[in-house]
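Student: Pasting a structure below so you can have a look.
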Amino acid sequence: MPFGTVTLNDGNEFPTIAFGTGSTMKFKDVSDYVGQAIENGFSHIDTAQFYQTETYVGLAIKESGLPRSSLYITTKYSGPGKSQQAIHQSLNKIGISYVDLYLVHFPALFSESVWQELEKMKKDGLTRSIGVSNFTLEDLQKLLKTAVTKPAVNQIRFHPYNYASHKALLEYCSKRNIIVEAYGSLNSITQNPGGPVDAVVNAAAKRIGATPNQVIFSWVRSKGVSIVTTTRSKERLQEYLAVEDLPPLTAEEIAAIDDAGAKGPPSQLVVARLAMQHRFEKSSSLVMWLAIAIVLGFATFFML
């Protein structure tokens with residue numbers, strides 16, 4: 001069964017899993033991989049000005065033969081230059097008359113005037129929804145002070161090892177009906193294997209007959225967060241889409257992943273262990289010298 005949609009704060013429907021063309025696909029011809037994703041059931045394609053993949057996304061869309069209405073296209077204003085020029089360039093490269101979602105890629109690009117330009121793009125029909133990417137809670141608070149139209153989506157790096165630091169952001173977005181979309185969710189598997197998250201994820205995977213990747217995506221969804229992911233493998237695409245058909249994680253499994261993630265990735269654990277070892281060795285050395293001093297003191301006393 002395919003992933004469903006959620007309704008954005010502007011009333012538009014948003015597919016909750018997207019095929020991304022960033023990460024290791026940046027600056028490459030991704031047309032075959034985008035085409036493969038569409039063939040296997042992905043209707044939401046994510047690109048960006050910065051990725052330099054928009055042209056290839058357009059080729060894949062054209063080759064798919066699907067009507068524009070059956071696909072959901074996200075792209076991003078990555079700068080430099082004016083956002084109004086950037087969206088027209090993106091539309092020309094992709095070969096479409098509008099995008100479904102247009103994001104400000106980085107907080108550094110934000111200004112009141114830039115957001116006003118995105119609001120105008122929405123009004124003019126160049127994009128159906130507008131949003132942001134990589135915005136912190138403070139960045140969103142700044143934006144909402146002057147925005148007429150709230151961002152519909154905030155796309156962020158999100159995984160078990162940074163959940164604790166993003167919890168307040170997720171709560172803030174939820175209260176304001178801003179959808180959080182996660183990239184980099186498989187960090188504990190692809191970037192930081194061997195950490196405390198592995199054991200609890202593997203246990204949950206065994207219980208529900210799933211892969212660790214699928215458990216991570218199930219955990220992401222349990223937080224009310226949508227997913228953008230990427231792969232060159234047809235089997236992986238099918239694996240990711242099959243998450244929709246899996247039994248849900250239990251509250252205990254979700255909490256166990258939360259707690260394991262809060263301990264930090266293995267690199268941080270190694271640093272912590274080394275620091276503890278250093279403190280132990282330092283204190284041990286101090287004890288040793290005190291013992292030597294005491295022995296020498298007694299020896300001197302008896303020699304007098």
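Placement of Cβ uses the backbone N, Cα and C atoms for every residue, glycine included.
Please treat TrEMBL annotations as automatic predictions, because they have not gone through curation.
From TrEMBL, here are the annotated features:
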type: ACT_SITE; residues: Tyr51; note: active site, proton donor
type: BINDING; residues: His105; note: substrate binding site
type: DOMAIN; residues: 16-260; note: domain 'NADP-dependent oxidoreductase'
type: SITE; residues: Lys76; note: site 'Lowers pKa of active site Tyr'
type: TRANSMEM; residues: 286-303; note: transmembrane segment
Student: Which residue, of the recorded positions Lys76, His105, has its CB surrounded by the fewest other CB atoms within 10 A?
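Tutor: Sparsest of the recorded positions Lys76, His105 by Cβ contacts within 10 Å: His105.
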Student: Same chain only, sequence gap of 6 or more: which residues have a CB within under 8 Å of the CB of the residue listed as 'active site, proton donor'?
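Tutor: Looking at Cβ-Cβ distances below 8 Å from the residue listed as 'active site, proton donor', excluding near sequence neighbours, one finds Thr21, Gly22, Met25, Lys26, Phe27.
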Student: If you measure Lys76 (site 'Lowers pKa of active site Tyr') to His105 (substrate binding site) at Cα, how many Å is it?
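Tutor: Lys76 (site 'Lowers pKa of active site Tyr') and His105 (substrate binding site) have their Cα atoms 5 Å apart.
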